[in-house]
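Q: Quick one: this structure, given as structure tokens, is what I'll be asking you about.
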Amino acid sequence: MTQQRTLKNTIRATGVGLHSGDKVYMTLRPAPVDHGIVFRRVDLEPVVEVPADAELVTETTLCTGLTCNGAKIQTVEHLMSALAGLGVDNVIVELSSAELPIMDGSSGPFVFLLQSAGIVEQNKAKRFIRIKQPVEVREGDKVARFEPYEGYKLGFTIEFNHPMIPAKQSRQEIEFSTSAYVKEISRARTFGFMRDLEYMRERNLGLGGSMDNAIVLDEFRVLNEDGLRYTNEFVRHKILDAIGDLYLAGGAILGAYEGFKSGHALNNKLVRALLADQAAWEWVSFPEGTEQSPVTYASPVYA
């Protein structure tokens, strides 16, 4: 049986929001079966809960943001990616501000936090969204697509006219499993170009950004002293983002995802298109006495 998972213990972290620059206190708490991932704005009176739901996405400019009952939750994609990577289904995320902490710009610190809290299996089968028919969305030359596949596979291609992002380093594929996610994807950081800084500042974006939490490029090179963590860190981060954005569908995906120059907006459009086409997907689980799911999650981590 492939079971649902939650945290063993409550764990806390502090950081700054990438776009707001605000200090934020975050608490991750265990949640019961079928609870799902729910964000909780504890700085509001009364407290407002915001489910991790693709239908609640209202912000896709340089991050993925949710709105529910007037409360915003910004930049959810890196934590959502880590939760998907470790197979965590049920968790409460308490925040003292509207934006999650950016940490180091990857999902690595969130993976560490979740593993430090401990991950436990729960007494109910995990629910997967199995892709039955292809679903594709486009925006200009950008494409995002789901296809049936026995497992979970992601492929992504980026195109940037920059010497540090040549064509041979613009493509990445991953056969999803916890070990592949942690090793190959989780440490890839978000990135930005100096030329876009003015645009971002005018819109009050990137106010918490620095070389401590992003890869920064000028016209020719990477400005971070420690360089890159992977030679193709840029496209790997796009897969990290996609895994987080797609987890807002409400369950783990069984299928193949392909992105060409896609981003948060198109990823969300793809999930909405999928959920709206009831013939294109189905809920499946692997209860006791049946085969294991085709996606491999690491053994639970008992902190």
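Our numbering is plain: 1 for the first residue shown, then up by one each step along the chain.
Glycine is treated like the rest: Cβ placed from N, Cα and C.
Residues or ranges marked as Zn(2+) binding site in Swiss-Prot: His78, His237, Asp241. The active site, proton donor feature in Swiss-Prot is assigned to His264.
Looking at the shown structure, what environment does each listed feature sit in?
A: Mapped onto three states, the DSSP output places His237 (Zn(2+) binding site) in helix.
Annotation for His264 (active site, proton donor): spatial neighbours Thr60, Thr61, Leu62, Cys63, Thr64, Glu77, Asp241, Asp245, criterion Cβ-Cβ under 8 Å with sequence separation of six or more.
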Q: Can you give me the residues near the recorded Zn(2+) site, meaning same chain, not His78, His237, Asp241 themselves, Cβ no more than 8 Å from the center of the site's Cβ atoms?
A: Glu77, Ser81, Ser106, Ser107, Ala188, Arg189, Thr190, Lys238, Leu240, Gly244
Q: Identify, among the binding-site residues His78, His237, the residue whose Cβ has the fewest other Cβ atoms within 10 Å in this structure.
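A: Fewest other Cβ atoms within 10 Å, among the binding-site residues His78, His237, is found for His237.
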Q: Ten-angstrom check, please: count other Cβ atoms within 10 Å of the Cβ of Asp241 (Zn(2+) binding site), all chains counted.
A: 26
